[in-house]
Amino acid sequence: MPVPPSSRSSTGRGRASRNPRNAELGLLLLAMGVIAGFSATVELQLLDTLSASFWVQPAVLTVTFLVAHVALRIFAPYADPVLLPAVALLNGVGVAFLRRLDLGVTNPDDVGEGASPFSGIGGSQLIWTAVSIAGVVGVLWLVRDHRLISRYAWTLGLVGIVLMIIPGLLPASISASEYDESAKLWIRIGPFSIQPGEFAKLALLCFFAYYLVRKREVLSLAGKRFLGIDFPRGRDLGPVVVVWLLSLLVLVMQFDLGMSLMYLGMFVAMLYIATERISWMIIGFLLFTGGAVLAYVLGSTIGGPFYNFSWRVDVWLDPFADPTGAGYQPLQSLLGLGTGGLFGTGPGAGQPTQVPEVHNDFIFAGIGEEIGLFGLTALLMVLLVVVTRGIRIGLAVRDSFGKLLAGGLAFTLGLQIFVILGGVTGLIPLTGLTTPLMSAGGSALMSNWILVALLLRISDAARQPATPPVVSSPMPARPGAERSGAERPGAERPGADRSGAQHHPAPGGGQGAPDGGAAPPGRGLADGQAAQKGWSE
């Protein structure tokens, strides 16, 4: 007889079956301890004492992230246990630093009397964090299977395009950025404002994943060979050219270099993941580089809608040409990073407010001044952990749509990190993108948390254990059972295999699973074009 599962050794399979949520809870509490320590050090440095309301911000963050943890226990029990603590740490450090900026520009006497921790930039970000976690819970509750998203792919694609271009069509009075009037990125109605481009990237990611799963065989066909690289056929260049034109449209209409780079970059990266052809990466790079050079030349000669881009490039090439004007902010950013050195000036001991946009585009420079190169490296490692976990999720999930979606989500986050850090350090021109999960801004914070929620949902499907069929010993037949036509050894029942394991159809028409276990997730889209049609619109 087989050994019952309960009597098996605690090694091997037993270790693998430990609840990942318990490890997540421990890491989450550790992250909250780091945030509370940072906040306490800031207040002791700026106020010489802990204010009466010091505990409110760490407590609200802890409760908020514990809500997300409980939601994962209920709706995604097998999800990656590292993602939530890592993202919570980044979000919490951002909120704590924004609160530090509020304390640095506020009368210390007023703060010491107990100014509300929900006021100022830090207080606003704290509220948006709670709203974002509510969005995470909503996504986990509504999207029980990530493959269901593909049913609404065309709708999401249309919504993404509308969200992408609508700010550029609106008058500047309700769409211009508060900090750069030439950039039309927002929709402002009274006190409420939203940045549609942040949500457009998520909708377009879902559409790109669906489209490339359907068309990957065609897009993988080789055309002419050049320098040892097989390039695609000319007739297959249509999709990437369309996305390239849309990205240029964003650059021209909204003066938003960051989002323009984001849209083209994430599509080309997903195209490479789908086809495994490096030629698509080369084509995408050449298209964006050619478009950027053309925009710079036009901006330098005729100005108009291209002037903003050429101005950014000129500031990047020579910030000292106007050190008190256009070059002031990037120079102050580099000066702050240099002042921090290896170990930093200490939390609350720097002068990050010398950088005008330190709460937004340059938050990494402000934090770097106070925690130094070593501290920045630690934060960067946490960001890379989030990206690499996303890539691992894409490799682990079984269905093609999930692989492409997870890979696209992870690459988008990584590209955003590279672009903003490259701009802060002077490696590339400033683009206007914000540091994910850390910079002030409700739209960006919420969209990035939804991105993480989608990764958690996909990881739950990827990490679900496959339950082996339960094989039981045949019962001895009763005397005379065979003569009476009763159940005989070896007789098959409908829905059962020869091993005795009874199977049931899996959701979505995939391979059925034995009794006692769920169907292996992701079989429907990975098994070819026929199975893919079952999840199409």
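Quick reminder: no glycine exception, Cβ is built from N, Cα and C everywhere.
Fair warning: this is a prediction, and the values are worked out from it, not measured in the lab.
What TrEMBL annotates here:
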TRANSMEM  25-42  transmembrane segment
TRANSMEM  54-75  transmembrane segment
TRANSMEM  82-101  transmembrane segment
TRANSMEM  121-143  transmembrane segment
TRANSMEM  152-174  transmembrane segment
TRANSMEM  194-213  transmembrane segment
TRANSMEM  234-251  transmembrane segment
TRANSMEM  257-275  transmembrane segment
TRANSMEM  282-307  transmembrane segment
TRANSMEM  371-392  transmembrane segment
TRANSMEM  404-430  transmembrane segment
TRANSMEM  436-456  transmembrane segment
REGION    465-537  region 'Disordered'
COMPBIAS  480-496  compositional bias 'Basic and acidic residues'
COMPBIAS  516-528  compositional bias 'Low complexity'
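A contact between the transmembrane segment (371-392) and the transmembrane segment (152-174) is absent, since fewer than 3 of their C-beta pairs, 6 or more residues apart, lie under 8 Å. Within its own chain, the transmembrane segment (436-456) is flanked in space by residues 72, 76, 79-80, 83-84, 87, 90-91, 93-94, 97-98, 121, 124-125, 128-129, 131-133, 135-136, 139-140, 143, 146, 194-196, 198-199, 201-202, 359-361, 363-364, 367, 383, 386, 389-390, 393, 405-406, 409-410, 412-413, 416-417, 420, which lie at least six positions past its ends and keep a Cβ under 8 Å from the stretch.
For the transmembrane segment (257-275), the partner stretch with the highest count of Cβ pairs under 8 angstroms, out of 82-101, 282-307, 404-430, is 404-430. The stretch in 121-143, 152-174, 194-213, 282-307, 404-430 that contributes the largest number of Cβ pairs under 8 Å to the transmembrane segment (82-101) is 121-143.
With a cut-off of 8 Å on Cβ pairs spaced 6 or more residues apart, the transmembrane segment (404-430) and the transmembrane segment (194-213) reach 3 or more such pairs and are scored as touching. Ranked by number of Cβ pairs under 8 Å to the transmembrane segment (54-75), the listed stretches 121-143, 194-213, 282-307 are led by 121-143. Residues 57, 60-61, 64-65, 67-68, 71-72, 75-76, 91, 94-102, 149, 359, 440-442, 445-446, 449-450, 452-454, 456-457 of the same chain sit 6 or more residues outside the transmembrane segment (121-143) yet have a Cβ under 8 Å from a Cβ within it.
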